[in-house]
Amino acid sequence: MGGWSSKPRKGMGTNLSVPNPLGFFPDHQLDPVFGANSNNPDWDFNPIKDHWPAANQVGVGAFGPGFTPPHGGVLGWSPQAQGMLTPVSTIPPPASANRQSGRQPTPISPPLRDSHPQAMQWNSTAFHQALQDPRVRGLYFPAGGSSSGTVNPAPNIASHISSISARTGDPVTNMENITSGFLGPLPVLQAGFFLLTRILTIPQSLDSWWTSLNFLGGSPVCLGQNSRSPTSNHSPTSCPPICPGYRWMCLRRFIIFLFILLLCLIFLLVLLDYQGMLPVCPLILGSTTTSTGPCKTCTTPAQGNSMFPSCCCTKPTDGNCTCIPIPSSWAFAKYLWEWASVRFSWLSLLVPFVQWFVGLSPTVWLSAIWMMWYWGPSLYSIVSSFIPLLPIFFCLWVYI
């Protein structure tokens, strides 16, 4: 780059007529900013200077006010590129002589006698009776109309929604019922999905508690990371498949899933037993056979109109039948208690003590409060994992 030179020019900058006062193009003859070459370093001694007299003229061109190229610029040879502004006429174009090309005004509605001639047939008795129906009348006469063939202008105020439905004939389906039918299950699905995501976190929470028992006072660390497997430092509850502790983690999760399933089955069994849907015959001491057949001494037969038998019959060897009614609630629990009392005789000795302890209600409540105060913080980490199951248990308890 530089000023004037006697060497032949190459590439960009060979057109000396293109103004370049700032030296943006390489090897241009006008380069006062970036320095001239060694042959003629002075701007004043350049014999081929382009004084560019048009640069002093004030105008709006391609390069802004006061900077108008005299013979075209980067934007071309247009008048706007050279700074010459063309005035724009402010006179609007003449109106179109074709008046039929635009939007036509709405034509006046024809009289009722022309548009609906059947409405003028007043000699028909059946048609006259049909017009007494507001829905049929609304089809032929708008609001405020008469049967004389002329239509009265509609009032300026909006009519009630009932008049609209009366003029349209059959009522439109209530959209509120449709939307409620579609949107009603959405909160249920959202709550179910939330509970499902919370339930899926139960195995991980219980797994963390299980592994924490092996690291009392410290953070749980997987013991398989020091083996030959290239595993980084991680928790035993999130072992990768290449870690030797991955199999033990899966085994713990499987046992936890079985425990949760057993807990749900126990709750369902307790619920069915409370509702009286488990017709378990009580354990009758000294009986040889027990069946649910019809009994002579039982007021309600065992196989009657009820879904479940309401009494159990014992048939000793002498042929006489004895009926014992099934408890309407907690039949299975009473059966288990009787069975345990027969197998473990010392349980019957606890009955008076339990009855006496329950009778002392202040003592029971104080003992429960003391146990919750002492063991509550340590048990909360375990019980809190089962909180998502409580809404499911509550729904089953209410609707079954």
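Backbone N, Cα and C atoms are what each Cβ position is placed from, and that goes for glycine too.
As annotated by Swiss-Prot, compositional bias 'Polar residues' applies to 97-106.
Positions annotated as N-linked glycosylation site by Swiss-Prot: Asn320.
Residues or ranges marked as N-myristoyl glycine in Swiss-Prot: Gly2.
Summarising the annotation, Swiss-Prot assigns region 'Disordered' to 1-20 (among others).
As annotated by Swiss-Prot, region 'Pre-S' applies to 2-174.
The average pLDDT computed for the region 'Pre-S1' (2-119) is 57. Residues or ranges marked as region 'Pre-S1' by Swiss-Prot: 2-119.
Annotation source Swiss-Prot lists region 'Disordered' at 85-114 (among others).
Feature annotation from Swiss-Prot assigns region 'Pre-S2' to 120-174.
Summarising the annotation, Swiss-Prot assigns topological domain 'Virion surface' to 2-181 (among others).
Under the heading topological domain 'Intravirion', Swiss-Prot lists 2-253 (among others).
According to Swiss-Prot, the feature topological domain 'Intravirion' maps to 203-253 (among others).
According to Swiss-Prot, the topological domain 'Virion surface' annotation covers 275-348 (among others).
Here Swiss-Prot flags 370-375 (among others) as topological domain 'Intravirion'.
For 182-202 (among others), the entry in Swiss-Prot reads transmembrane segment, with the evidence type sequence analysis. Remote same-chain partners of the transmembrane segment (182-202), defined as residues 6 or more beyond its termini with a Cβ less than 8 Å from a stretch Cβ, comprise 256, 260, 385-389, 391-392.
Annotation source Swiss-Prot lists transmembrane segment at 254-274 (among others). Panel annotation: around the transmembrane segment (254-274), residues 202-203, 206-207, 210, 329-333, 386, 389, 393, 396-397, 400 of the same chain, lying at least six beyond its termini, place a Cβ under 8 Å from a Cβ of the stretch.
What Swiss-Prot records for 349-369 (among others) is transmembrane segment, and it gives sequence analysis as the kind of evidence.
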